[in-house]
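Now, the feature entries from TrEMBL:
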| type | residues | note |
| --- | --- | --- |
| SIGNAL | 1-20 | signal peptide |
| DOMAIN | 96-176 | domain 'PARG helical' |
| DOMAIN | 194-449 | domain 'PARG catalytic Macro' |
| ACT_SITE | ASP225 | active site |
| BINDING | ASN228, GLN242, TYR283 | substrate binding site |
| ACT_SITE | GLU243 | active site |
| ACT_SITE | GLU244 | active site |
Amino acid sequence: LHALLNQGLLLCWLGLQLSAVPFQYLVGSCFVSWLSECTWWSYWVRGDDLYQLKRFCALNKGHEFGRIFSCVFDNWATNQSLLLEYDLCFDSMNSDRECFCLFQELIAALLVCSFFCLFPATNRGAKHLQAINFDNLFVCLYESHDISQENKIKCIVHYFEKICSCMPVGNVSFERKVLPLTNSLSHISSPKANLWSKSSVSLCHFEVHSSGLIEDQPAEALEVDFANKYIGGGALFRGCVQEEIRFMINPELIVGMLFLPAMADNESIEIIGTQRFCDYTGYASSFCFSGDYKDVKGVDSMGRRKTRIIAIDALSRVGKRQYTPECLLRETNKAFCGFYDQSRRQQYENLFVDTEFSEAEFDEGNKNPLESSTRNLLTSFQSVNETSSNQPVRVNEQKWDDDKVGIATGNWGCGAFGGDPEVKAIIQWLAASQALRPFILYYTFGLESSRKLDKVVQWIISQKWNVGELWEMLVEYSRQKLKQQTKLTFFEWLLPSLYDDDPMIMDTSFT
C-alpha cells in the first residue's frame, strides 16, 4: 500500500486539481488512462472496456466527475498517513473474534482506493477474502449491457458526491460473531439438536409484512443481510439481489470486504453504523438508482448510526438435503449466531443447559466469566474518544440495552439459494425466540408461498407452543419429507384447513 500511495495516485490527484471538466470529458482522457494503469496486476483492461466506461459517462453528462473526485482526492491526500497506519493493522484485522470501529472519513478514503483499483489482488483468495477493487464491476459494463450494473456505479458515484458536499463524522463497527463448536466458558457454544428440542423458551412476536423492505423498517431491529459466505457476495461483480443492493445503497459496507474473511458455519458478521446514501427501485436486472436518500437514523453513544446489519449465509442449492437433521441444525444455529447478543451470555446459559457440561463450570465462584470474551464485544464510547482521531479504532466491549432490538428479515436463503421459504421462516422464528429477541418483522416481498404465513403464525401462537415444541414439529415434517412420506409443504402439513378453503382455523394439533 505504501508504494501505491507514493506512485500514480498523487499524480492523478494533482491532475484532478487542475481539472473541473464535465464527467464525460474527464473519463475520456486522464481518468480512463490512469484507471488502466492502476489495474495492471488484476487484468489487462481492453480497449472495449474503456469504450464502455466512456459510454457510461456519456449517459451521465450532468455529473461533474472532475469536481467530485478533485474533492475526493483532496480528502484522500489529507488521509495518506491514516491509510498507512491502517495498513499496519491489516493483518490483525483478520482476527476471528475481534470487533473494529472505523470512522467514516477513513472508510471514504478506503473506498476511493477500491474505486481506482489500488489494492493488490494477490493472495486474497488464499486468505478467503473477497476481491475489493472495482475493476470487475467496470468490466461488466462491457461484457453485457446490463442497466443494473450501470446503476450500481451510479450509487457509488452518488456516495462520493455526497461525502464531497458533507463528510460524515460517525463511526462504523464490524464484528465477527462466533459460536464455538466446543463448550467454552467465555462464549455460548453452538447448540446441539437435543438442546433445541428441550427448549422451553416462548416464541417471540411475529409480524408479517406483505409489502415493504427490510432496510425501510422503522423499529429498533437487526436487519438481516441474506449473505454469501464471502460478505458482499457479487456486489463488485454481476450480483444485484438483496445483499448486493444493500451494499450499493449503504456503500460503507463494501469496506468490510477488504478485511473480513469468509464466514464458517458457526459465524456471522454484524455491522453497525453504516449510512444509507441512495434510494432505488427494482430488483436484480431491474435495479435502478433513483436519487438521494436522507438517512435520519439516530446515533448511539459510540457515534454509530442505529442501523444494525447482520450478515448470515444460508446453505446454497442443497435441494432435499436441506431437510436432513444436519442441515436443519446448521441453518438454525447460523441464524442464532446472528441473532444472539453475547452480552446476555448468562441468560442464554440458563436456557441452553447441556447435561454433559458440568454446571460447576458456571457457578458463581468463577471470576468474571466474561473476561476472556470482551474482545468480542463493543462498549462505551470512551475507548473511541481516548484514541487518536487519526487511527482506526479497535473496540472491546458493548454497553447498551438490546432488550428492545428485534429482527427484521424475510425469505432468507430462498430464491437463488433454493431454500424452502416456509421452513426458513420457522427456522428464523426459532432462532430469534431462543436469542430472546422481542419480535420479528418478516417481509415476504409478495412471495406466493408466504401468503399463508400470517395465519400459520397466529395458529401456532394460539397453541401456546414453545421453541422446543415447534422445533420437534419441524424435525418430524423434515423426516417425512426425506422419506417421501409427504408431498405437502410445511404449512399444508401443519395446518391442512388453510388449504381446504376453510375460513376457520381448526383448534387442533396436526402431526
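For all residues, glycine too, the Cβ spot is worked out from N, Cα and C.
Just so you know, TrEMBL annotations never went through curation; they're auto-generated.
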Run through GLN242, GLU243, TYR283 for me and report the recorded positions whose CA is within 10 Å of the CA of ASP225 (active site), in sequence order.
GLN242, GLU243
Highest Cβ count within 10 Å among the active-site residues ASP225, GLU243, GLU244: which residue is it?
ASP225
State the three-class DSSP label for ASP225 (active site), counting H, G and I as helix, E and B as strand, and everything else as coil.
strand
Record lists ASN228, GLN242, TYR283 as binding substrate; longest Cα-Cα distance in Å?
17
Count up the helix, strand and coil residues in the domain 'PARG helical' (96-176) according to DSSP, in that order.
40 helix, 11 strand, 30 coil
Separation of alpha carbons, GLU243 (active site) and ASN228 (substrate binding site) (Å):
8
Please state whether DSSP places GLU243 (active site) in a helix, a strand or coil.
helix
Return the count of C-beta atoms lying within 10 angstroms of the C-beta of ASN228 (substrate binding site), excluding that atom itself.
21
Just to verify: the residue among GLN242, TYR283 with the fewest other Cβ atoms within 10 Å, which of the binding-site residues is it?
TYR283
Distance from TYR283 (substrate binding site) back to GLU243 (active site), taken between C-alpha atoms, in Å:
11
